[in-house]
Structures are given as structure tokens and as C-alpha cells.
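According to Swiss-Prot, the protein carries these features:
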- 73-96: transmembrane segment (TRANSMEM)
- 159-182: transmembrane segment (TRANSMEM)
- 198-222: transmembrane segment (TRANSMEM)
- 294-312: transmembrane segment (TRANSMEM)
- 349-372: transmembrane segment (TRANSMEM)
- 388-414: transmembrane segment (TRANSMEM)
- 436-458: transmembrane segment (TRANSMEM)
- 533-551: transmembrane segment (TRANSMEM)
- 591-612: transmembrane segment (TRANSMEM)
- 666-688: transmembrane segment (TRANSMEM)
- H677: chlorophyll a' binding site (BINDING)
- M685, Y693: chlorophyll a binding site (BINDING)
- W694: phylloquinone binding site (BINDING)
- 726-746: transmembrane segment (TRANSMEM)
Amino acid sequence: MTISPPEREEKKARVIVDNDPVPTSFELWAKPGHFDRTLARGPKTTTWIWNLHALAHDFDTHTSDLEDISRKIFAAHFGHLAVVTLWLSGMIFHGARFSNYEAWLSDPLHVKPSAQVVWPIVGQDILNGDVGGGFHGIQITSGLFQIWRGWGITNSFQLYVTAIGGLVLAGLFLFAGWFHYHKRAPKLEWFQNVESMLNHHLAVLLGCGSLGWAGHLIHVSAPTNKLLDAGVSVKDIPLPHEFILNKGLLTELYPGFASGITPFFTLNWGQYADFLTFKGGLNPVTGGLWLTDISHHHLAIAVLFIIAGHMYRTNWGIGHSIKEILENHKGPFTGEGHKGLYENMTTSWHAQLATNLAFLGSLTIIVAHHMYAMPPYPYLATDYATQLCIFTHHMWIGGFLIVGGAAHATIFMVRDYDPVVNQNNVLDRVIRHRDAIISHLNWVCIFLGFHSFGLYVHNDTMRALGRPQDMFSDTAIQLQPVFAQWVQNIHTLAPGSTAPNALEPASYAFGGGIVAVGGKVAMMPIALGTADFLVHHIHAFTIHVTVLILLKGFLFARNSRLIPDKANLGFRFPCDGPGRGGTCQVSGWDHVFLGLFWMYNSISIVIFHFSWKMQSDVWGTVDAAGNVTHITGGNWAQSALTINGWLRDFLWAQSVQVINSYGSALSAYGLMFLGAHFIWAFSLMFLFSGRGYWQELIESIVWAHNKLKVAPAIQPRALSIIQGRAVGVAHYLLGGIATTWAFFHAHILSLG
């Protein structure tokens, strides 16, 4: 940390705006394509509508003025936040108006969550299944009831108020988006002042946000949940404001409150140990993390981030400068190191977005795993349908975000990369030895593909020939995941040793006891064996192929031996012009397109693995003697060793419910299962046929229309190659995801 001389204090945190830079014009809004000179002329061919959608949010094509682009993105963020808060408000309103939340709250072990009742128009009311407690509706698997219980919400009136609050917030965000584009628009200098932005995001949003949440957890959630756990009737539990206003109510539950704020300033923090705990493990009543542990966690996070928010140099000449940190970051093998990255990040929002998407996508996948290993909300762990669905949901989201990160990194390379700024820095050096990177990665993919798949092929062959003693399995030739087992073991031994104050392990997935709630397993040690070793290497294979495709698109975005001037062709182009055969499907966009399919492969294997492994080795019932009966009876270790086992004992065996769902409350999933298969198959029509085929067909149809004097004024055109592939991949992913959704839901919901 340095104190800088006055001439270096170039980044004063000032509020710098332009007043009324862009008039609010409804006439402009009413003109489709007003942002593009060609589109504004109106449609001549049907391609116009596709280009309109492709370019509406591509602000780079509207203007080259970085300040205007920055303002548009900033305003769009407020619009996005408005949509999110509106959507959440709708969810919470459903909970208030159409749900059995209060019935569920009084008996979460036997009443299932439902927040939608179908109206009987053509017999759809068959979908309103009996969810217990005399309520009929569609069972939901979003985990919202469990979250609300964790928040401390005890009645539907509180949900109504929260829903209205969400609407108000959405209105404020919409106003803010309009205001900061049309009335008071920040100057480019404000957007590029990274130190001030870090201070605000770290200290205010993350730090104070976590601190506020810790306050809510301590003063409202923890006492409410403690009373609910003790079996106190909902109507006898004090309302949130009563806990806040009446200290006596809190002191009864947590005596540490009696000493007030004094122990904080006298550093006698042990006084607070009853509501800021470090227990580890799960609450045996609810199967969720201890709310007092969660409070402690958020308080610690708040302290860290509030300190972090004070580390960067703004108005007072002390603290770090991001540019200096980056430019001093040199190693013996990295040339100019991170020099130039500051300029990349502050002049290219694509570069900034790419890193954010990669981080956020990875974080989302980490969240997916924490949700079952350390279930944060009460009664989440024993709601198997919700557990399966939120895992699947977070995995898909994470996959899409990571591919988006690669997409925007590639757009940065094409549109924003400046070779003058990036001379012998890490980015330049990576690009210059891209051949070594890609060829090695390709070798890794081939190795993993042949070996991981080869193990399964061997096992299928041995089983087919009746030679089980020659298979790779826990009972024949063992391939134990010894490193994973070692990691599990050190985590199990941590309480009392490396984590001296923890009472239980961080997660029972590593080891320890079985936590059962109401006779159902919430979490227990997940034993790993040969079958896990095999599928782990399939994961490694699919992830590495996804990375290969996306990284190749990024590293060869500007040029390649095949097309040296690729940067001039843009992010998406079909081929390198006429007379250059073999140059199709090489654009940055095409790599993202291919990467999406491999992302789909990767995530599909992960969610299938999770679904079967949990049903086989974790989820199930516990009798009075402590014996566990798993849903699929522990068949993972022997069945998941062969491809045939995956097809027969997972896909086929567990599709029974969706295939036989007609005439039951789950019949919508049967229809969705078929419908989504059709959407998926429809995608193949776009992916397997060429543009010329369709253009010929269209011209024949136009001829017939001309004969009948009904030819349209807007000339029909076949989709371009890129448009066709975009429609294809969209339907492929939509169809595949919805098929999986119906398959998982019908199976897991039918198990109760």
C-alpha cells in the first residue's frame, strides 16, 4: 500500500453526469429497427425480422461511442433487475394467494409444497394432486417454502407484503433505468473508475448487504425457527417486529442478548456464542444448516467485505491502484505479465463480462453441490424432488454462464482486442503459443475419451460374456478413487483437530453420522467406489472437450492458418467467401455453437450421475433400529459400471413413471416428455439440412403464390446458415432440458 503524490491522484471519486443527454421519444420506440440504419428502412425480406432480433441488444453495432454503449448497458441492468424483482414478486404472490404454505409450515414432513391450482377447463384439474393436509394442487420443487421458513415467514400476509415490496422495487428499478439514461447519464470516466466501483460493490453491496442479512437472521429468522423447531404453534410465535422491539423475547431464547452491545466493544465476544455458533453439521430437527451458524457466516463475510471495500485508492491518496497491481504482476516466465489487462478491462465490456460470467458460472455449479452436501434451508434435505430439481437447475445455469463467458471473451478478441496494448503480456503470450495449448488439450481429450469410455466398453464386454471376475468393479478388479476418499477422510477428522472449535464435520457427505428427519435420510456419508471413479473420468472427458472447443474459438478468433484475416470477418460469418472451400463454420460464433452441445453433454452426465447416485446411496428411509433402505437399493456400485446398466437400470427403469403417467396428476409430465422430444427432434431439421435446400423450396412455394396472385410484399428468404444453426441449437437445448425435466419430475414426485 502506498501514499501517492498529488499528480498520481487521477481518479477522484466524483459524481459526473450529463444532464438530459437523450430525449425520451415514443416516436423512436414505435419505429422498429431505429437503432440501425439498414433495419430502420423497414423489411424488404423476411431476413429483416431475424436481424432485428440479433442486433436489438448488440449495442456495439448501434454506435462506436464507448460512453453511449456503457450508458445503454447500465440502463439495461436496471431493466434486468426490474424483471427479476417482478418475477420474484410473482412467485411470492403465488405463495401468498394460491399455496398451502401455512399448512406445510405446521407439518413439513407430511404436507407437500404446492403453490398452483389448475382451473378445470378441459379436465386439467386432474393435475391437482393430493399434497396432504386436504389441499389439492401442483407440487412445486423450487424450494421456496423452505427458503421462506428460513427467512422466518410464518403467514401468508407477510408473503403479500413481500410481494408488494417486490413490485415497488421493480418500479424503482425501471425508473432508475430511464433516469440514468435520459435524465442524468454518467460520463465514461465514472464507468471506468474501477477503484470507486470496487469500494461500492465490496463494502456497500456485499459487505453491508451481508451485515443486514446477518441482522435479519439473528433478530428474526433464528428466534422464529427455534420456536418452530420446538413445536410451538405458528399462531403463538411473535411477529418479526415484536422480536426487534421487545428484547425480552430474544433474551428468553438467546441469553447472550441480555448483555447488549457492551461485549462487542470490550472484545468479550464469547457472550454472543449462543446466537453466533460454530457447530457444523445439520440441525437434527429440520435437516438444514444451523441458522446460528449461517448468521455467524454472514457476519464474518460482512466484516471481510467491508474491510476489502476500503483497500482501493480513491480520494485520499492511500490504498491500492488496480492498474499498478496488474502492471507489477510479473513472473520469471510471463514477460510483461498483466500489463495491458487494465486497459482491456476498462475499454471492453465484453472482456469484463467474460470474466464475470466464467466466475459466476463456476460459482453457480459450486452452489449446486453445496445445496445437497450442506442443505441451507429447513426441511430441504428430505424434500428429494426439490433437491434433485435445484441441483439440476443450478448445473444448467452454470453451464450456460460458462459458455457465455467463452462467447464474450471471443467477441472481445474480435471487436475490442488491441495488439498495441497487448505486447508480450500474458494474453499475448498465450495467443502466441496457442498451437501447443490446443494440441495438448486435444491429446488430453483423446486420452480421456478412449480410456474412460474404454473402461465401460471393457465392462460391458466382460458382463456380456459372463466373466464378472474380469470386470473393473468393487468386487473384482478395483479402481478405487483413493484421492477422493482421502479428502473425505480429512474432512471427517477435522472437527476437534484441524477445526478445533467445530462440533461436527462441515458436511456429512464426507463422513460422520446419518442425519434422519422424520424417518427419511437428510444426509449421510457418500461412499465412493469403482463406479464413481469411472463416471468421474467421463465428467473429465466431457468438460475437457467443452473447454477445447471454447478455448480454440477464443485463441483463433482473430486469425488462423486457414483464415489469416479472420478478425475482419467479424464474430459470426458462415464461410470465408466464394472460392474458398473448407472455410465454413470457423467463426467465433460457430465455436460457441459447438461448445453448447458439449456443455449439454457434460451437464447431462452430471445430473444423471447425481440423480442415480443419491437415490442409490443416500436418499431413503431409516427404521427405528437405524437401518437405511435406499430408493434404488444401492444398485449404483454394480449397475453403473456398464453402459447397459446406465440404459437399463437408470434411464429405462426410472422412465416408468413418466411413460405411465397418463390419467394421473403427473400426466402433464408425460405430455411434456413427448412434446419436448418433438422439440428436440424438430431441431435436427435445422441442424441436418443446408440453406440451399430451403431456398429452392421457398422459391417453388413463392411461384405458386404468384400464380394465385397472393404473393407477399415482403420477399420470403431461407434462414441464413448462422440463423438456422441458432434456431437448431436453441430447440436442441430447450427440447433436451425439458425432456430431462419431465423425466426427473415424474419419477421423483411419484416416490413421494
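Note that Cβ sites are derived from N, Cα and C of the backbone, with glycine treated the same way.
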(request) Would you mind reading off the Cα separation of H677 (chlorophyll a' binding site) from M685 (chlorophyll a binding site), to the nearest angstrom? (result) 13
(request) Please report the number of other Cβ atoms within 10 Å of the Cβ of H677 (chlorophyll a' binding site). (result) 15
(request) If we count other C-beta atoms within 10 Å, could you say which of the binding-site residues Y693, W694 has the fewest? (result) Y693
(message) Counting only residues 6+ away in sequence within the same chain, which have a CB under 8 Å from the CB of M685 (chlorophyll a binding site)?
(response) G728
(message) I'm a bit unsure how to read this: which one of 159-182, 294-312, 436-458, 591-612, 666-688 has the highest number of Cβ pairs shorter than 8 Å with the transmembrane segment (388-414)?
(response) 591-612
(request) Give residue numbers and ranges for long-range contacts of the transmembrane segment (726-746): same chain, 6 or more residues beyond its ends, CB-CB under 8 A. (result) 141, 385, 388-389, 392, 396, 593, 596-597, 600, 604, 607, 611, 654-655, 657-658, 661, 666, 669-670, 672-673, 675-687, 719
(request) Quickly jot the same-chain residues contacting the transmembrane segment (198-222) by Cβ under 8 Å, restricted to those at least six beyond its ends, or write none. (result) 13, 150-152, 240, 243-244, 250, 253-254, 275-276, 291-292, 294-295, 298-299, 301-306, 308-312, 314, 322
(message) I'd like to know if the transmembrane segment (533-551) touches the transmembrane segment (591-612) in this structure, counting it as a touch only when three or more C-beta pairs sit under 8 Å and are separated by 6 or more positions.
(response) yes
